[in-house]
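Trainee: Pulled these from Swiss-Prot:
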type	residues	note
DOMAIN	49-358	domain 'AB hydrolase-1'
ACT_SITE	Ser156	active site, nucleophile
BINDING	Arg226, Asp355	substrate binding site
ACT_SITE	Asp321	active site
SITE	Arg323	site 'Important for acyl-CoA specificity'
ACT_SITE	His354	active site
Amino acid sequence: MSFPSDSVGLVTPQKFQFEEPLHLECGRVLPRFELMVETYGTLNADYSNAILICHALSGHHHAAGYHHDDDKKAGWWDACIGPGKAIDTNKFFVVALNNIGGCNGSTGPTSPNPENENRPYGPDFPLVTVRDWVKTQALLSDHLGIQSWYAVIGGSLGGMQALQWSVDYPDRLKNCVIIASAPKLSAQNIAFNEVARQSILSDPDFYHGRYLEHDSYPKRGLILARMVGHITYLSEEAMKQKFGRDLKSGKFMYGFDVEFQVESYLRYQGEQFSRNFDANTYLIMTKALDYFDPSREYEQSLTKAMAQTQCRFLVVSFTTDWRFAPERSQEIVDALITNHKPVTYLDVDAEQGHDSFLFPIPLYVKTLRAFLGGEAHLKSTPQVEIN
């Protein structure tokens, strides 16, 4: 198969092992952990062109390119990562990873627990926070020899990680890009997450999180959780244009099977998601969202938290995003302006809702490209090999 000229093409994930104990915010300790990572582009001689991509709730390390010749879908942010794209792999060395607690190769609930005869962690996997993720990402940076990132970029939950980076490691990034995110969850967002969790926890096949030991899987609960979540990712206008009140068969069937096209879509999305995602991971990810609040250690003041930062910021929101509305991004911008920090803010008129950050919307992509600029360039020799 021939790939598009602006694609990074075939990519091979790498697994990095960390043997030192990892102390987590919850008080638990992981004796060791692994991170699944993909890289695109070439690291230059002075390690100055590295960009870290932080993923959202259902994301992972496969952000761009293809794993196999016959893959029909590219990585989740392929629209923005590649030769000549906004995150230009001709200029930048891009690193994407699957966070701990995930289910795509990094240590998580499906991984063997060395303290329990290598049975899957399941519900025994500790709850992790955004700060824990950023800590592991910093350890990955050390392993790669990258003392300072040219940029740390993320959308949604990924944007929260980028924000945490700027507070916890202010001297280790030059630019921070926070997209469709928030400085902490609202009560409504926590409520959405709780409904999703309860749909999983109440599934008879959940077995208190030990479904793998029972050769079972809480598929119904995970499908429902994804359906609830997916509604919040779309705008009303997008749903109106895509589905309206269109009927699947053209007429009312007067029953409880699928009748409206939007019902069919939600069931399909839930079904597809349930085939590829772990239920315990979903619980962990939503709790990490709930716990996120960088102001917590700064007298509940986001302004005081952002006073620690030293980098440039790009903050992007989308007009129809009601999960993380533009006002939430403006809270971050206001805190930065109060501290006289360099920040560019863009509110993009887009109809796709919260998921807008995944689409190559022209103004959004153009702004991201311009912000990253051309300051970093590859040195001809030597090139750095990552092991």
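Just so it is clear, glycine is given a Cβ too, placed from its N, Cα and C backbone atoms.
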Trainee: Just checking the recorded positions Arg226, His354, Asp355: which sit within 10 A of Ser156 (active site, nucleophile), CA to CA?
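Mentor: Checking each Cα against Ser156 (active site, nucleophile), the hits are His354, Asp355.
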Trainee: Considering only the recorded positions Arg226, Asp321, Arg323, which fall within 10 Å of His354 (active site) when distances are taken between Cα atoms?
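Mentor: Neighbours among recorded positions, in sequence order: Asp321, Arg323.
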Trainee: Could you tell me the C-alpha distance between Arg323 (site 'Important for acyl-CoA specificity') and Asp355 (substrate binding site) in angstrom, no decimals?
Mentor: 10
Trainee: Please report the number of other Cβ atoms within 10 Å of the Cβ of Ser156 (active site, nucleophile).
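Mentor: Result for Ser156 (active site, nucleophile): 27 other Cβ atoms within 10 Å.
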Trainee: Highest CB neighbour count within 10 A among the recorded positions Asp321, Asp355?
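Mentor: Checking each of Asp321, Asp355, the winner is Asp321.
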